[in-house]
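Participant: Once you've had a glance at the structure underneath, I'll fire off some questions.
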Amino acid sequence: MKRNSLSFSISLWLLFTAVMLQVVESAKGKYAHMLFNELFEDYSNALRPVEDTDKVLNVTLQITLSQIKDMDERNQILSAYLWIRQSWYDAYLKWDRDKYDGLDSIRIPSNLVWRPDIVLYNKADDDFSEPVNTNVVLRYDGKITWDAPAITKSSCVVDVSYFPFDSQQCNLTFGSWTYNGNQVDIINSLDSGDLSDFVEDVEWEIHGMPAVKNVITYGCCSEPYPDVTFTLILKRKSSFYIFNLLLPCILISFLAPLGFYLPADSGEKVSLGVTVLLALTVFQLMVAEIMPPSENVPLIGKYYIATMTMITASTALTIIIMNLHHCGSEAKPVPQWARVVILDYMSKIFFVYDVGENCTSPKREKEEERKLEGDDGCQGRHKEIRGHLSNRNDNCDLKEKLNGNLNKSYGVHRENVRETVDCCSCYKMLIKNIEYIANCVRDHKANRAKGIEWKKVAKVMDRFFMWIFFIMVFFMSILIIGKAA
């Protein structure tokens, strides 16, 4: 029984409290309607709410950056989502709290009260619509606080000299459009914009938003015009551009020197250079579409241009070296200075062997040595044959003399002498043919040696330019990274 009576009393107490709260709220609502009717009975929102027209009305401005919607570098426009807070005192909207049951503030539509015409000076939006008609908070002492969200598009001078490692400073300048500093003065609520509610952006980092008050006197008017400039300091997050624009370019640029390492007989040396040049041209066009058409060339654009120039030079040098490689028997011999500088010294510095020597296996080298020995043996046999035939030729001459003497003295054996003379003439023709073949082989070897020398010159120059261009690409990559740092 005691428990039931206790629970019943608690429920009665809760019901009584709820009824009293409703009575209080209804009473406050009644006083709020009464206050609204009395305040706006003779109120006009067209005039500046000061009792003395010579007195300055102070407007406190505070900007809260919520989000960066877009940064259009090409058109140099910054789109941002802001919360704009303005507060001022209205001399005609005051009341005594005790008269209205302690009511200290009310919320009313902003178009019912006078509002300062503070606008964004460097606005770059085509839409000139009015501010969002949100409610204002009106306090008993006449202080009005107006919080209005806004999506602003402001002009921003974009410097892309160090893209994609650049930093930008965009100004947001707020001021009154019609009132001068003697009528409406703007005061900074904080030394900087409020970044406590900022939503992290995927492309930009916020490094601050300092606020500075400026008082400017224009040429048309003698009165001062104050404004507040918020400088938004942005730092670009470069990871996306490093992995999608810069790193592929570096990898492609390292392919260009390898064109010198390709064998000249493959026929792909010039094709590789042209392909790399076309790939870099595509990346250059992608960067040009993002950047504004200004005189400041971005850092990555300079890197592309330098790399493309280097690849163009390497392709031209490749064509010249291929002409040296394909010098045949009709070409002039290698000059003496080229023999000394290129074939003697540079070939040792760059570890360039004879043409094809670094690609042969030990078995092939032994086979080539055997072939060379076999060629020497063939030459020895040719010499022996020629000596034997020359001996036979001498014997034939001796036999001719003897047979001639015999014929003169005795006049016999004519048929045997004719056979001997025919045999000797065959030996002479055979010797002439062998000498002709030996001369042809000798000339062929000389012409082949001349072509091999030009091929070795071309191979040494290929290795030389390969290392030169590798060093150039390496230092260009280090230079762009150093400038970014």
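Cβ from N, Cα, C; glycine included.
Automatic prediction, not curation, is the source of TrEMBL annotations.
Below, the features straight out of TrEMBL:
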{"type": "SIGNAL", "residues": "1-26", "note": "signal peptide"}
{"type": "DOMAIN", "residues": "34-237", "note": "domain 'Neurotransmitter-gated ion-channel ligand-binding'"}
{"type": "TRANSMEM", "residues": "240-263", "note": "transmembrane segment"}
{"type": "DOMAIN", "residues": "245-480", "note": "domain 'Neurotransmitter-gated ion-channel transmembrane'"}
{"type": "TRANSMEM", "residues": "270-291", "note": "transmembrane segment"}
{"type": "TRANSMEM", "residues": "303-324", "note": "transmembrane segment"}
{"type": "TRANSMEM", "residues": "464-482", "note": "transmembrane segment"}
Participant: Against which stretches of its own chain does the transmembrane segment (270-291) lie, if we need a Cβ under 8 Å and a gap of at least six residues from its ends?
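Facilitator: Long-range Cβ neighbours of the transmembrane segment (270-291): 73-74, 160, 163, 245, 248-249, 252-253, 255-256, 258-259, 262, 298, 300-301, 304-305, 307-308, 311-312, 314-315, 318-319, 322.
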Participant: So what pLDDT does the domain 'Neurotransmitter-gated ion-channel ligand-binding' (34-237) average out to?
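Facilitator: Looking only at the domain 'Neurotransmitter-gated ion-channel ligand-binding' (34-237), pLDDT averages out to 90.
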Participant: Take the transmembrane segment (303-324) and find every residue of the same chain, 6 or more past its ends, with a Cβ under 8 Å from one of its Cβ atoms.
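Facilitator: Distant Cβ neighbours of the transmembrane segment (303-324) are 246, 249, 252-253, 256-257, 259-260, 264, 269-270, 273-274, 276-277, 280-281, 283-284, 287, 297, 454, 457-458, 461-462, 465, 469, 472-473, 476, 480.
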